[in-house]
Amino acid sequence: MTADRVVLGIESSCDETGVGLVRLAADGSVELLADAVASSVDEHARFGGVVPEIASRAHLAAMAPTMRRALDESGLELSDVDAIAVTAGPGLAGALMVGVAAAKAYASALGVPLYGVNHLGGHVAVDTLEHGPLPERCLALLVSGGHSQLLLVEGIADKITEVGTTIDDAAGEAYDKVARILDLPYPGGPPIDKQAKLGNPKAIAFPRGLTGPRDPKYDFSFSGLKTAVARWVETEQREGREIPVPDVCASFQEAVADVLTAKAVRAARDLDVDTLVISGGVAANSRLSELAAQRCAEAGIELRVPRPRLCTDNGAMIAALGAHVLASGAKPSPLDMPANPGLPVSTIVVQ
Amino acid sequence: MLVIALDTSTPAVTAGLVALDDGGPRSLAERVTINPRAHGELLMPQLLDVMTEAGHQLADADAIVVGSGPGPFTGLRVGMVTAAALGQACGRPVHPVCSLDAIAAQADVTGQLLVATDARRKEAYWAAYSGRTRIDGPHVQRPADVPTGDCTAVAGELADAFDLPVVEPRYPTPVGLVAAAEAVLGTEPAPLVPLYLRRPDAELPSKRKSVLTRGGK
Ligand SMILES: [Zn+2]
């Protein structure tokens, strides 16, 4: 009864409108068929961060064209789709609502089941498109403009538990704010990474947030780091000294990568898991992946990082999670399902 | 022909199936719920109820008409993206109509009509009509600033804010939506562009504040 099934995924939680298609094989493996993304990032640049209403407007304009592109890329038609998955949360309320409403209409028109799934789970599930099935237990580190989380994954469609999270800013947010301090463009990740390669990561001793003996072991804090960078830059400016932007970037980036990887490896050891998945927009950061590779190798942990295109928000990750949920035999979500901006990570599929 | 009619530009979540023949539009089934916070939850289940009651499948519809506002942003988008997705999945044209036109189309008035809905922030979305023809608007303004001079009646959700005789309807109806779209059904649909009438709330970042001067240091 389980022939190949095509699962369509719709993502609209932040500033990317994503539509992805995957094929779920009878053995439970998933294969990427299409991944179309429209981004409104350029419209947010002059505001220095995502403006929710601008993102929501862009989702409405991009939904049908992005769907068309995904279908063309896969050579399939909507009538070939066997199930639809959509990001039900977490994310921006108005943005999520566009994708959820669209998914309900597509699923109703096609007469296929609808799964409202968790965006964070999607960031983990996407790795199965690149590196095959996940082990029974693994740890996931999600880092982006919106997320900084350590998740214990015990079956991608079964059980995801938050082990640690940021108590203030997301890692990517800290990048954006430091970029602003240094007059670098938004989003801050790529320009800071580029500058950092030219600088000395030991030049400035920026603080490592929440790494004291009594601090929460697996939680993150990046607000103090951002403030430390701002203070350091202001002091130098006041003294009339030129700001060594590459050194500031390298030292800031080192502090971020150090804390993220140290906590991830420590959690993996403590929880006795031997696989770490790093995903989210900041996963593409060169120093983070380099340091993670080094520390995982030392600790005997297998490191899995999807290619950058899959790490950022997209529809393929939602289709991938939808496929695993479908394979698990989960009940579809009800058609009156709300978009949930605060959907807890433990809710993999909305029932 | 069979036309699906959707509107989420007001607190009314509206879904209907309308038959259009020589006698004009006629409602076969409709569901309307007044709930400004649940457009996304209610619209699609309501539409499926409508189709079941009318004994039709979604794919039986020949066209879709959707109110394109003006309306508060989040709710408005639910109807528009639902219509866009249905149209794409069923291979049917989707025609946007100004939601105020749909109200005017159902109002029984001789002379000029004002239609006003709630734009929140103490403002009204409004347009003025002569018969069914829109002669001014849509605009967004405070009710006190709306020029009501030649109007003999007012319809719409915010009708009570004006010193004019009030006529029905308060919200766009499925028949009103299809009536407002009647002239364009069968022609190339206009782009599905919502009538927001307001720019997004977004502040440009100010010059960076000195963190050193914060906290009295
Ligand atoms: Zn994300």
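Glycine residues also receive a Cβ, built from the backbone N, Cα and C atoms like all the rest.
According to DSSP, A:His123 (Fe cation binding site) is assigned to a helical segment. For A:His123 (Fe cation binding site), the count of additional Cβ atoms within 10 Å of its Cβ stands at 33 [all protein chains shown]. The Fe cation binding site annotation in TrEMBL covers A:His119, A:His123, A:Asp313.
The annotation substrate binding site is assigned in TrEMBL to A:Leu142, A:Val143, A:Ser144, A:Gly145, A:Gly146, A:Asp176, A:Gly189, A:Asp193, A:Asn285. Other C-beta atoms found within 10 angstroms of the C-beta of A:Asn285 (substrate binding site) number 28, with every protein chain shown included. The DSSP secondary structure for A:Asn285 (substrate binding site) is coil.
According to TrEMBL, the feature domain 'Gcp-like' maps to A:31-319.
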Specify the nearest of the binding-site residues A:His119, A:His123, A:Asp313 to A:Gly189 (substrate binding site), where nearness means the distance between Cα atoms.
A:Asp313
Please report the three-state DSSP label of A:Gly189 (substrate binding site).
helix
Fewest other C-beta atoms within 10 angstroms of its own C-beta: which of the binding-site residues A:His119, A:Gly146 fits that?
A:Gly146
Quick one: which of the binding-site residues (A:Leu142, A:Gly189, A:Asn285) have their CB closer than 6 Å to ligand 1?
none
Round to the nearest Å and give the CA-to-CA distance linking A:Gly146 (substrate binding site) with A:Asp313 (Fe cation binding site).
10
